Structures are given as C-alpha cells and as structure tokens.
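Record features, source TrEMBL:
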- A:206-265: domain 'CBS' (DOMAIN)
- A:291-311: transmembrane segment (TRANSMEM)
- A:317-344: transmembrane segment (TRANSMEM)
- A:365-386: transmembrane segment (TRANSMEM)
- A:392-418: transmembrane segment (TRANSMEM)
- A:430-456: transmembrane segment (TRANSMEM)
There are 2 protein chains.
Amino acid sequence: MNQHVTPIEIDIDLSEELQAAVAAGDAVQLDSLLERLSLSEALRELLNLTVEERGSVLTLVSPEMAANLIEEAPHEVAADLMEGLETERAVEIMDELDSDVQADLIGDMEHEEAEAILSQMDAEEAADVRRLSEYEDDTAGGLMMSEVFACADTMTVSDVIKVLAKDDDDVDRYRGQHPYIIDGTGRLVGVVSLRGLLATKRAALLTTIMVEPKTVLANATLSDLGDIFDKFDFLGVPVVGDDGKVLGVVSRDAVSQALLERAESENLKLQGVVGDELRSMPTWLRSRRRLAWLSANIVLNMIAASVISAYEETLLAVIAIAVFLPMVSDMSGCSGNQAVGVTMRELSLGLVRPKDAFKVWLKEISVGVINGIALGILIGIVAWIWKGSPALGLVIGAALALNTMLAVSIGGVVPLLLKRIGQDPAVASGPLLTTVTDMAGFFFVLSLATLLMPWLV
Amino acid sequence: MNQHVTPIEIDIDLSEELQAAVAAGDAVQLDSLLERLSLSEALRELLNLTVEERGSVLTLVSPEMAANLIEEAPHEVAADLMEGLETERAVEIMDELDSDVQADLIGDMEHEEAEAILSQMDAEEAADVRRLSEYEDDTAGGLMMSEVFACADTMTVSDVIKVLAKDDDDVDRYRGQHPYIIDGTGRLVGVVSLRGLLATKRAALLTTIMVEPKTVLANATLSDLGDIFDKFDFLGVPVVGDDGKVLGVVSRDAVSQALLERAESENLKLQGVVGDELRSMPTWLRSRRRLAWLSANIVLNMIAASVISAYEETLLAVIAIAVFLPMVSDMSGCSGNQAVGVTMRELSLGLVRPKDAFKVWLKEISVGVINGIALGILIGIVAWIWKGSPALGLVIGAALALNTMLAVSIGGVVPLLLKRIGQDPAVASGPLLTTVTDMAGFFFVLSLATLLMPWLV
C-alpha cells in the first residue's frame, strides 16, 4: 500500500485538541497532532494560538518539528517565535537548521537574544553563522550555507563513496551537492559528478575525474543566481572569494525560495503594505505600519485635491463635473497601475533594464493612445447622455483620454526611474502614480471646463 | 582558474551584433553571442527583435539554445515563438525539452500547430505529451513529467548503478529522482535512496533495500505539492493512479517554478492586467486585454459616481466638499487594498482558508478602527483649518473613519468569499473593493453633510 501524502487531511480543525494538548503539556499528543497536518496547516494552527501557547508548543514538540515550523514561517514571524523561547531550547532548534537559515534567523532577531543563542551554540557553528549573517540578503553571500561537501585533492572515489554512504546528518545537509575538490591551500580546484563517481574505479583519485567548477562571487545578486540555475542543472553553486577559496554553497532551493519570497513581498508592497505583515502579529504593530504608508499618501492626496480647490468657481457653475472628477482620476489610476504591473513583471523576469525607459515609454504610449481614445469616447458619450450636454461629454472624454496617456507613461517608466536612483519601485510607484494622475486628471477636467464654459452653462 | 558565472557580462548591448548575425544567417556567431549572456538577457535580446528575426534566431541557433530560450520565456510567449517556426524545427526543439514542458507548450499552442508537431514527434513521446496535456494546470498531473526512473523489482544494485553511470540524456531527464521500483503489474512498490545504493553489496536485489514511497494523486494541488516539498527533502514525488500505477513524477523544481509563476501572475492581476502581458506582444492584443478590464471598471465607477449625482444640491451649497470627495474614496481604497494584500499573501502561504472569513474580519476591524480614527482626525483637522469650518472637518473626518473601517472589512474578507465561490480573488477583489468604498465614501460624506447642513453653510 502506497502512502499518499496528499490530500493529507482536508480541512480538519485541530485547534481545540491542540489547545488541550498544550494545556496538558502532552508532548507526544502534540507531535502526533501536528504530524497529521502539512507544514503550512501546522503553522496556521500554531499562529492561531496565543503567544504563550505558541512558545509552549515549540518547547514541547520534537526539535525537528519545531525547526520545520520555524523554517516554514515568514522571516519576521520566525524571529519572533525564536525570541519567545528559552535560550537553551532555541539552541536545540537552531541545531536542526541549515546554516543559511540560522544566519537569516540570527540576522532578524534582536541583538541581545541573538547573542545569547550564539554564545550557547557550538563555537565553530556560531562563528559560521556570524560570518554568514554579515552578507547582504538576496546576494550569494546572504543565501549560501557554510555546509560544503569539500573533499581533499588526495581523496579517492572510494573515500567519497564511504562519506556518502554514512548515515549522518552532515551528508543530508549538503542538499544534493556534488563533491567539491579543495587543494592544500583551501582553493576550489574541481567538482566531480555522481556519474563520474559511479563509472570510475574505486581506487582512482578524484583529481583524475574532476571537471572545472562554475562558481559565483559573494556579491552575485538573486537575479544573477536565478539566471544561473535556469541555465545550468546544478543543485548548488559554490561561492568563492577573490582568492579562490570556498566561502559556502548556494543551493537551488534557497534561490527558488528567495525568488518566491521576493515576488510575494512585492505583491504586498504594491498593495501598500511595507513589512512582513501577517494577521497573527500584534494589532498595534500592523496598524502602525499601515498608517505610516497611509499618512504619506494622505499628504500626496491633499496636494492633488488642492487642484480642485483652485477651480471651485468652475465647479459651482457646472456642478455635474463633480460627478466625473473621481471617475476620471480613478480610471486613469487603473490604466497607470496596469503599466506599473507590466513593468514590475518585466523587471523581475530581467526583460527590461532601467536604461530601457524610453523604449518602454514608446510601447506604453501606443497602448495609451488607443485605450485613452476608446475610454474617452465611452465616458464622453455617457456624460453627454447622462447630463444632456455634448460639451460636458467633450470635456470629460478629452480629459480622460489625455490623462490615460499620461498615466500609462508614468506607470510604465516610473518603476524604472525609481530603480535607477536606488529606490524600491514596489513601494513608491503606486503613490507617485496616483498623485500625478489625480492632479492631472482634476486639472484636465477643470481647465477644459473653464475654457469651454460658454458652451457648458 | 575557476570560471565565475556571474557577473556574466554586465549591461552589454548585443542587439546590433545579433541583428547583423541574423541578417547574415551566421549560426556560429549567433550561438556564441547568446552564450555570452544569461538566459534572461538572451531572451530579452530575442524579444527585442522583430517577429521574423525571432524566428530566424530560433531556427539558426543550436536546438539546445533554442530549447533553453523557449523554456525561459513565459508560457504564452513560448507558445507564440514555437508557432512561428517550421514544424520540423519545432520538433527538434521539442526533443530537447522535458515532457512536462512539452505538454505545457502543446497545451498553450493553437490546435492546428500543436497537432502538426505531435504528428512528427516520436509516437511514444507524442502519446505521453497528449496524456500529460489533459491534466489541469497547477495540479500534480499538470506538473508531472512522464520520464520516470523506473526499475523492475528484479533488478540489483549493480543494474541501477550501470544505468546511472551511462552517459545519456535519459538519466539527466530524471532530474535527480531516486530509483522507483515497479512490480510486474506496473504498480509502484518502493523507492531506493542513493545512500542505500552506495552502502549495499552490488549483487543485492533492490527490493531488499527499498522503502515505502510517498506518493500523490494526479489531482493534488500546487499548494499541496508546495507543502509536501517543504515537509520532505525529496527532489521528486511520484504521481500514481487509483490503481497504484505510476503516471509520472513531479519534480521539486517544477513546483518551485509554478509557485513563482503563480505569485507573479497574481501580482499582475491585482494591478488589473489579466493575461500574460509582456511589452513584446502586439500592441492591439495588449490594448484589447487591458481595455476589457478597464471597461468593466468604468461601469462600476459610474455606479459609484451616481451617488454624487444624487446629492448635487448638497454639493452646490457646500462646494468645498468636492475637494474632499476623491480624497475620502482614494484613502479608503488604499486602506482596503492593504487588507486585500495581506489576505492574498496569507492565502498563498496557506495560513487562511475561506471559512476563516469571520476571524479575518475581527483582525481587520481592530486595525480599521484604530487607523480609521487616526486618519479621520488627521483629515478632519486638515479640512477644518483649510476651509475654516469645524463642521466640515467633522463631516470629512467621520466619513473617512467610517469608510476606512468598511474598506478594511471588505478588503480582508472579499478575497476569501471570491475564493469560496470559485472566482479568482486576484482579478475581482480590487474592482469590487473600489466600487463599494467609492460609493460608501461619497455616501458618508454627502449624507453627513446633508444632515449637518445648518452648521456647514
């Protein structure tokens, strides 16, 4: 009988059993309950508990299960969970994790808690973690692990096979790396394929079957790494210093994970959420972070609204315009956001560079002219029929057409300009776009109306 | 000397050399130019060419390079590129791809072109592709490949090692799968670890060292698969039918790739771009797709604007309100979008289910009350000072506070409800949210103003 691992258990609700097991301090029951769930379900149940209960669960279950849950959690949540534990327990959990995950966790934790954990860890491991956590996130240095399947250049095929056949954690931690051959001075000189190992006599020296390794420097970016793993079938790529010595290995998995996290965090930022929000975080923290972004936005909104304020007389003369002001600004905002979306995607696929701004603008304006005219005619006819004034239709239609062209231009190009000046396009593109399209939308409608006033009243 | 693969070549512009090589039909030069680039850079250069030139490049370069470019391209673009080729060439490129990629391509192509290619492919391979392309995307069936490292239950360790050591494409295509043991009736009965192979005598039967395999059914979802690969360290998981026969294997890589594509496509949809838009696509197609979404939005916008129309007298009496109408609706829209963003993320992490709607609402409304009051006070004071009317400040502030609470409630819960009724939350949440918050925002401001009219004029 095969063991289907999915659907594991659909929609079971274990919260009550979990709470009961936590209250009873029943470690065996907790482990068996959580084993029935997938990791994301188990994490969901964990985060539904109170902060104290979360600590109890992570203290009671097996260190493996606790480590799996910590690894499944988004970074900031994982650091919070670790900070809530006794140092001794936190160290037990750390021992189950790969060094790249250890370094991320330590980097995300408060200094004091991090130091407490490091001081109780194995000295060599702690030194590795300190070293890894100094590299920037989303670079080869920040993504690499220190566990390297390093073999001396004096080893034979038989020696390596003995290492591989050993049943210990170290080999698992190599995550499918091939054996890297290191010379007497610590420099990486070659790599051996599994096929090479199997097809060669056991007494042969590794150096006789090794090939030249592909390597990266510690400052290689996440996008570089994504490109490399797209191009080559490796499970890992070694990171070397300028002196040719191995610093660590970046696994394919770490890169996939980081790319997914980046896409999800950009998603959040485009929606105006800066930071790693989950609803299991404290209300005041969620509220404060969202407010920070909203308050900046309210100022931008006021600047845009001041345009309306300058034209109050025009509005008083033709009050029907007030009905269409939000429509024109909203619709152009939508058109502009489409352009932002496409640019953000092409950026993440590596299909545009900041210096392609003009090319992007040409592509956007051609769509903007078509859509601007189409939407302008549509809304113009609506305004004409609704309010019985062809001149009003003309004003609203022309304003939307112009503002659509402006909006797609800004939406397409602004993320590239922000990137060029080192700003995060996901955070700032939306607010910038909305402010300009609001201002311009109000201005187009109201100044055209002022111009055509004789035909409007 | 190690071969650093990054930075490969930064910011070189090969477009002119590429165009020259295409014009000259210089295959060797083309291959060597593209080899200097990463795949995403090469794809960017390819898509910068005209449609005819793209076809020439894919026809001239090596089938491996062409296959790599096709695989790097987003699905819809890849299908377009294939459709532009001679059938014979398309078949050569297909031969370089794994069966899961073949099936995706065939599924995305026009029926006629797809059939032409299938009819010229190896009959067995074509049958596999037809079978695979019948499964739904983003299920185990849709993601699996038919290349299975299947070993008869009569084989020995030595037999398997011989297969692994063979230098042919088949073994590469297994993508690191472990050997799966199949009995005489085609049922999957076990799996053997690399360590098992290396630590056992070569004459031993595989059945003596195999362990029970974890398997999935063909309808397992992408999220299920993501959970499985998070929980277990496998490089692949076999997909079996109800009868226990192996249908294919889903690789860890295919799942990572599909998760990333899903996140990126949700990003686009939240920004109002439905479909796989890249700027290298024809203008009329990009324009038509964006317009479809915008036109639906314009209708929703009109419904919202009709609220303003109903209150024209109030507006005429206190024209300053017109300045704040767009601000109130915009700001609440922003608050609601933040809630949409967090729900979408928790959905993709598997941390909420549609049935958690009430729990989510409780978490949202607590943030909504705090932020609504904070923003309400802020904008109220602004309105008071700007227009010199405390009553106006009260109207605008109260309206924004109420509408913020409404917006976060809708933004947090609507994606869950859409998911429950089988709609795509990424496409529909934004427009629904904006319409309701616009309507309600206008209504709160204008009805409060009508109520407090004596103090406003």
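Including glycine, each Cβ sits where the backbone N, Cα and C put it.
Just going by CB pairs under 8 A, the stretch in A:291-311, A:365-386, A:392-418 that sits most against the transmembrane segment (A:317-344) is A:392-418. Taking every recorded stretch in A:291-311, A:365-386, A:392-418 and counting its Cβ pairs under 8 Å to the transmembrane segment (A:430-456), the highest total belongs to A:392-418. Secondary structure of the domain 'CBS' (A:206-265) per DSSP, as helix, strand and coil residue counts: 27 helix, 18 strand, 15 coil.
Mean per-residue pLDDT, taken over the domain 'CBS' (A:206-265), amounts to 93.
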